[in-house]
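Below: one structure, written as structure tokens.
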Amino acid sequence: MTGPSALTGTGPLFRLALRLDRVRIVAWIAAVVLLVASSYLAYDTVFPDAAATAELTASFSSNTAFTLLLGQVHDLATPGGFTAWRSMGLSSIAVSLMAIFTVVRHTRAEEDSGRAELVASGVVGRHAALAAAVLLAVAGCLTAAVAVAASLIASSAQAGAVRGADVAGALALGAAIGATGVVFAGVAAVTAQLGSFSRTASALAGALLGATYVLRGWGAATSGMEWVEWLSPFGWGEQVLPYLENRWVLLALPVAATVVLLAVAGRLLARRDLGFGIVGQRPGRATAGPRLAGASALSWRLSRGALAGWLSAFVLLGALYGSVTSSIAGVFKDNPALAKILQQGGGSTDDLTLAFVGMIFTILALVATLNGVQRVLHGRTEEIEGRAEPLLAASVSRPAWLSSHGLAGLVSSTVVYAAGALAFGVVTAVTTDTAPLSWVLIAGLLELPAIWVLVGLCVALLGAAPRFLAAVWVVVGATFVLTLFGPVLGLPDAVLDLSAFNNVPDYLTQGLHVLPLGILTAIAAALVVAGFVGIRRRDLDQH
């Protein structure tokens, strides 16, 4: 009698993973489609005539900052060419993150929880879980590619007649974005075998994603180093040149890289034990020190690696944006249409540089919010997987347990954002001389109440209604859309004001308004209090 083959059970595991992740995947794809479609529809506003097109093409092409962040300018004469340049990088990052989280969630995270061992005790092959996770991630990437292409074709139809070149360019852009995500599905498959925890696997894959994106930007922005772009999956996608040459043959590069990565992941999986990574854990001390006493200390200890990664990324990102602020603002000053877009959040025509600074602070705050939300949601994971119950059965009180995750999320997001804002503010003040450093830093700190509102909502739900915590991602997604795309889409003020970040006054251009900040802080405090009241009254919920 022979045992199951290595892939036995892949189908049922794939269907289960799809059922569990269908909402998450749809949300990721919707965000990518919105980003791409909004860029396409904004073309006529940014480039009102041929003269503006020629002027801005020259400005963007010679601007190192834009090249570093978005890549080389290849063709801005058409809406499709502009969309490919403007949105490919960010869309590829989003699809790649979707792939990473999907693979890690259904491989390493399942081993962390012990569910993988239960599944493996049945008639399931050794590689079935990995194969199902990769198939789901690849299916998500391919769906994103099709959705991007369809949205671009629909956008071109709305703008006028659809030409064959529009269809081919849309398909090429969608394929390039999806192919980049597929590569990082392979990367996550490898990192899931290396680390012994899901957070380690995600951090390794995320670090490689960030490094390759920076590598692509450095190669594009540095004269004589263009060949470096070919070392990055993001560079491969850019070199497809959608809407210009549509170099389909280059899509063989991400496909080949993915095949190699999956082969490596399969070999590593065969060499390790279930529940352990290739890189073993260091033995801990026999006794805990005084700094490890209490639930909060344990929570901080377990998350210190992730926090260090967030801090490093934000300091680097803040310094990068600060170093290019002056050159980016110069481009906006030369074009009234772009100036109008930049001012939609309340910027002044007298100083577009300050308006741009305010916009960057908002972007940093939005991303920092994800850190706080993720930190609070980890408490729900601890509860579902049964690790909270032993703590609460001992000497840890319910408020202390909630504090170890809820207040930790508030503090973590505050520290991460403050680090990035400080780096951005200092570099901006030094390189632009547009405002005193103290003014810039005050403007940055005013974003904190908006962060606290969203993280406070997580605390309230974790404490009072944990089953509805998944709805937080809907709120976060809607906040991103209203804050970043709402003005461009022309949404009414009443709708825009639903975003907490749209209620933060722009201190550099409008002055200090205490009332909205006080209201946001009061809302955040009320949400946190609701969470602490709720945790005392509810039962543990492991479903």
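Cβ coordinates are placed from backbone N, Cα and C, and glycine is handled just like the others.
What you see is a predicted model, and the numbers here were worked out from it, not measured in a lab.
In TrEMBL this protein carries:
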TRANSMEM  25-43  transmembrane segment
TRANSMEM  88-107  transmembrane segment
TRANSMEM  128-155  transmembrane segment
TRANSMEM  167-192  transmembrane segment
TRANSMEM  204-228  transmembrane segment
TRANSMEM  248-270  transmembrane segment
TRANSMEM  307-332  transmembrane segment
TRANSMEM  352-373  transmembrane segment
TRANSMEM  407-431  transmembrane segment
TRANSMEM  437-462  transmembrane segment
TRANSMEM  469-491  transmembrane segment
TRANSMEM  511-535  transmembrane segment
Tertiary contacts of the transmembrane segment (128-155), as residues 6+ beyond its ends and Cβ separation under 8 Å: 6-11, 13-14, 16-18, 21, 25, 28-29, 32-33, 36-37, 40-41, 79-80, 83, 91, 95, 98-99, 102-103, 105-107, 110, 116, 119-120, 162, 166-167, 169-171, 173-175, 177-179, 181-182, 185-186, 188-189, 192, 262, 265-266, 269
Contact call for the transmembrane segment (437-462) against the transmembrane segment (204-228), three or more Cβ pairs under 8 Å: no
Stretch-level contact, the transmembrane segment (25-43) and the transmembrane segment (248-270), CB cutoff 8 A, at least 3 pairs: no
Selected stretch (most C-beta pairs under 8 A with the transmembrane segment (248-270)) from 88-107, 167-192, 204-228, 511-535: 167-192
Chain residues in Cβ proximity to the transmembrane segment (204-228) (below 8 Å; excluding those fewer than six residues from its ends, i.e. six or more beyond): 64, 67-69, 71-72, 89, 93, 96-97, 100, 104, 184, 187-188, 191, 194-195, 234-235, 238, 309, 313
Candidate ranges 88-107, 469-491, 511-535 - greatest C-beta contact count to the transmembrane segment (167-192) (under 8 angstroms): 88-107
